């Protein structure tokens, strides 16, 4: 009989007994089913051995769970960004709460010559060590920043647009009201204030800046946003088309295409700390808008390979999700998914405070990824991304398959099909027409809710890495402006019966307010919720309704556009500026909420005002005053 030695040298058991013990289905069976010939003392020894073994295993597994990390993709940032985060932390700790500076103003600093990063880091180490873990005095910190850094925005220089004319020929000829016309000229003139170029020092010494080099001049949004932003640029270009500034518009597209060429996708914004995420994919729509006016085939030919590159980014890897419908058909859709699982450099203190309630590294990393992903959506922040709104810590953006993202990608498929046809590639065009039809089918199956008359975001049951079966209860039945985004697509707004349902739903939704369309019905304190309204959503819904052949839809579109124009006018007359967002529950009030102060300028707001005035004009008899 073959025997095996165990931990107790005095214990011998047969092969049969050994197998019976160690193939037992439960460790408790093992502990309490000792062979009868084993003495009591030996049974006790074995019991304590297995007891301590189980305790050790449990403790080890708990420690492992505390040290588990998020395995998703992370794009590394630069040494300068990492260092500026330290400066930002020190600054926000030094200032009194009521005087807290904008954290982004520190991450946008550039190194002053002749100092190197290592020299400044060494000086900063000395500065903070002298404070003995106490806040650095504000005066001392300000002196340090002034000595070693050039101010935020100093590496972005004013640029006079070559194609700006103060009163272009035929400009807004259908705006008959002279008061409105004069205001429209002032809005048109704001392009000069927002036109900039990246300084030569950024091209020559990129490692001294967080601003990225770009080949052409830019139109920035304004205020704290001292760089070009991806999805903002679409509505800026809509306005530039009205202003007949075609060279400037092409320059914006050229800049974004250069980012796609370098990174494989258009960045959230042209900063080193934005390389970990994109924004709503509207590059193809920008190219289409410009071609539609200029018939520039060379621009189309240059754009196609880069649009294919961007299309691949949004339809592969973590961005890609597959939803199987009741008939077993797999729908390939997309979600936002930032390549980052740490605090956002531009708001790192805010993000760290928000994550402070989580106990494990894995929870914090997932939360940070969901925050960065909300930023990739452009709608940062909103209850739309929260599992338990308005609890900010329940942010779960990567679990949402958003209606509007897939609208943008459907538009991209249609745009690429059109451009390939223009360039003579009929086979390529046919492929993208087929892709667009497949995605449009998903709008009917995955997003559409017949009872609501809206398209609803879909919440994933799992991580999204495997296909999952569609469930009705996974649709988010809360009302958001984005639920109506598909009406922007011509193949959808041409369906009269569908449009009538959507018009009824929008009318009864509670979203239509005195100054435009609410972003949501929830007043959460977040800026992409009630009572705010935003230019992009106004334009998409108004344009979609206006293109329909349904009379009620056209009338609704014009009514919303006039409300939006009027409120922007009243805010401008009151404050002297155009704002990033409006409080649409009242006429003539700008919006607030979120993690920064209200911003002015403002790129996409200007663009939508001009586009609406071009489309709808303003009769001489119609007053624009409150």
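Glycine is no exception: its Cβ is also placed from the backbone N, Cα and C atoms.
Worth saying up front: this structure is predicted, and the values here are computed from it rather than measured.
As recorded in Swiss-Prot:
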type     : residues                                    : note
TRANSMEM : 20-40                                       : transmembrane segment
TRANSMEM : 45-65                                       : transmembrane segment
BINDING  : 224, 232, 268, 277, 279, 344, 346, 580, 595 : alpha,alpha-trehalose binding site
ACT_SITE : 380                                         : active site, proton donor/acceptor
ACT_SITE : 580                                         : active site, proton donor/acceptor
Sequence-distant neighbours of residue 580 (active site, proton donor/acceptor) in its chain (C-beta under 8 A, six or more apart): 221, 222, 223, 590, 591, 598, 599, 600, 601, 602, 605
Between residue 279 (alpha,alpha-trehalose binding site) and residue 380 (active site, proton donor/acceptor), find the distance joining the two CA atoms and give it rounded to the nearest Å. 11
Looking at Cβ-Cβ distances, which residues of the chain lie under 8 angstroms from residue 268 (alpha,alpha-trehalose binding site) while being 6 or more apart from it? 229, 230, 274, 277, 278, 279, 375, 376
Fill in the CA-CA distance, residue 380 (active site, proton donor/acceptor) to residue 595 (alpha,alpha-trehalose binding site), as an integer in Å. 9
For a quick check of understanding: given the listed alpha,alpha-trehalose-binding residues 224, 232, 268, 277, 279, 344, 346, 580, 595, what is the maximum Cα-Cα distance in angstrom, as an integer? 22
Residue 346 (alpha,alpha-trehalose binding site), number of other Cβ atoms within 10 Å: 28
Check the recorded positions 380, 595 for other C-beta atoms within 10 angstroms of each C-beta and report the one with the most. 380
DSSP output for residue 580 (active site, proton donor/acceptor) maps to coil
Binding-site residues listed as 224, 279, least Cβ neighbours within 10 Å: 224
Hey, does DSSP put residue 346 (alpha,alpha-trehalose binding site) in a helix, a strand, or just coil? helix
